[in-house]
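Going by Swiss-Prot, these are the annotated features:
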{"type": "ACT_SITE", "residues": "Cys60", "note": "active site, thioimide intermediate"}
{"type": "ACT_SITE", "residues": "Asp67", "note": "active site, proton donor"}
{"type": "BINDING", "residues": "Val82, Glu83, Ser84, His101, Glu102", "note": "substrate binding site"}
{"type": "REGION", "residues": "1-39", "note": "region 'Disordered'"}
Amino acid sequence: MSDHHPTGPSAPGTDALSQLGRATTTPQSPEEAVLERVPSPHQGRQYVVRFTAPEFTSLCPVTGQPDFAHIVIDYIPGEWIVESKSLKLFLTSFRNHGAFHEDCSIAIAERLVALLDPQWLRIGAYWYPRGGIPIDVFWQTGEPPKGVWIPAQDVPGYRGRG
């Protein structure tokens, strides 16, 4: 009998993961959400990792009405990369969380920076209009390293029906 793992051998540094490959439930809040990291498979190289969440949702802290955003997160890893299922669950945990657009956007970026200590990270949060005004929030940790190809986020501005 072989030691065949149905999904392949474990990648280095993944033994401590608590969510990947397991049944999970949506965390009730961003504070309850567990973000996990794994060792970067290409330490010493500069490359960009992009996550796009085109259907991000949260709640207005005053009215309780839903807010929607297209979020793009770009980062250049240091020693760590974020485990994507934990990121998905973290982002989904905002679904019932009341906070202003700016707060949600910056909280996401700061939580990732605290977890990963990346060489560089930026977030573009393109919020759909509320009261007729779209709010876009942009933040980054500083200047990106030279010589790294960082594609434009290319999220078109809100055009309504036009």
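Glycine is no exception: its Cβ is also placed from the backbone N, Cα and C atoms.
Here the candidates are the binding-site residues Ser84, His101, Glu102, and by Cα distance the one nearest Asp67 (active site, proton donor) turns out to be His101. The C-beta environment of Glu102 (substrate binding site), restricted to residues of the same chain at least 6 apart in sequence and closer than 8 Å, consists of Ile135, Val137.
Long-range Cβ contacts of His101 (substrate binding site) within its own chain (separation 6+, distance under 8 Å): Ser58, Asp67, Ala69, Ala125, Trp127, Ile135, Val137. Cβ neighbour count within 10 Å across all protein chains ranks Val82 highest among the recorded positions Cys60, Val82.
The distance from the Cα of Cys60 (active site, thioimide intermediate) to the Cα of Ser84 (substrate binding site) comes to 26 Å. According to its DSSP assignment, the residue listed as 'active site, thioimide intermediate' is coil. All chains included, 22 other C-beta atoms sit within 10 angstroms of the C-beta of the residue listed as 'active site, proton donor'. In this structure, His101 (substrate binding site) is part of a helix by DSSP.
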